[in-house]
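Enquirer: Below you will find the structure I want to go over with you.
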């Protein structure tokens, strides 16, 4: 089975092709391609602008698709392909709100044959609605023209599912985790848009047990970096600076760390950073010279430390209460070195596995969509029934919840 997967939930344009062989728990995977185009333009504005991201997705999707097919050796050039008027009208209707993408798709389909893929998986939520529409409509257009069924994928589930891939290499092939020995699990999905704790009874069986009440952890990193004048995205910048500091004299709050539930709140931490910076700016010297390198370094250390403490404490509490055998961590913030280090340190000696994706798969990518698409197709809720739909029924749900 070959799955072509599309990811456009935020500002990363991803297309991947995954080959799966075998059945159920003995499935072997081979990654044929995983191409991601990141939109650097948002760094100039300190955050993602949905309409701008939508425009960039329209520009990027066909080139990324072409590269993914080429790397997978599935790209067949044929400039004799003709599109009858009836099909052209349908394609134009599907992509009526993505005129730039329509022209690119039309030109591509006129010069390439149908690739040997069995399914098209696509993220249909949650995420930024304008961005999701581009990817979903692109998938619908390809599904219609090539007559390939589509598999809708939940973005949060994809961040969980990618952890079940073996180490990625050119000939990746291995068995997935054995549900009998690794479940139940608690998944922490943490990014710029989401911070959720999810009980995973088995692949496809999810229940949200806690989430942020305001800012996501990744959003807190971004806002703290903006307050410090460090640029966007904030997480990698703060992590890099913090890694050069051994300790900090700055004390920041750990909101809700000791609450009796599994909820999160990071808006208070962001506000505390703002007040600390304002107090620092009250100094005549700082008003003249700006924040010192020492202050910025210690603040980065303190911010990262506070966020990691809260995430780890809540996750370990949930794992204990639900008798989890595995902790699964996913999302962009899961690439943070200190978070990985502290999770490993604080679970050492415990009868508990902690699983992180490869760092290249922490941020949004098409491969995670392909893996989730495979599980949705074959293992969804243990039924073995196909979760594939006709392209006409595919729709966007920007507020989609995992477990629904």
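Here the Cβ of each residue, glycine as well, is placed from N, Cα and C on the backbone.
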Enquirer: Please identify which of 205, 222 is recorded by TrEMBL as part of the substrate site containing 189, 190, 191, 192, 193, 235, 336.
Expert: 222
Enquirer: Relative to the Cβ of residue 159 (Fe cation binding site), which residues of the same chain, six or more apart in sequence, are found under 8 Å away?
Expert: 189, 191, 330, 331, 357, 368
Enquirer: Roughly how many Å separate the Cα of residue 192 (substrate binding site) from that of residue 364 (Fe cation binding site), to the nearest whole number?
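Expert: The Cα atom of residue 192 (substrate binding site) is 11 Å away from the Cα atom of residue 364 (Fe cation binding site).
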Enquirer: Summarise the model confidence on the domain 'Gcp-like' (115-370) as a single mean pLDDT, whole number.
Expert: 92
Enquirer: Residue list, the domain 'Gcp-like' (30-74) vs rest of chain: Cβ under 8 Å, 6 or more residues beyond ends.
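Expert: Same-chain contacts beyond the ends: 2, 4, 6, 8, 10-21, 98, 100-101, 104-105, 107-108, 112, 115-117, 128-131, 133-135, 138, 165, 168, 170-173, 222, 226, 231-233, 363-367.
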Enquirer: Pop the Cα-Cα gap between residue 155 (Fe cation binding site) and residue 190 (substrate binding site) into the table, whole Å please.
Expert: 12
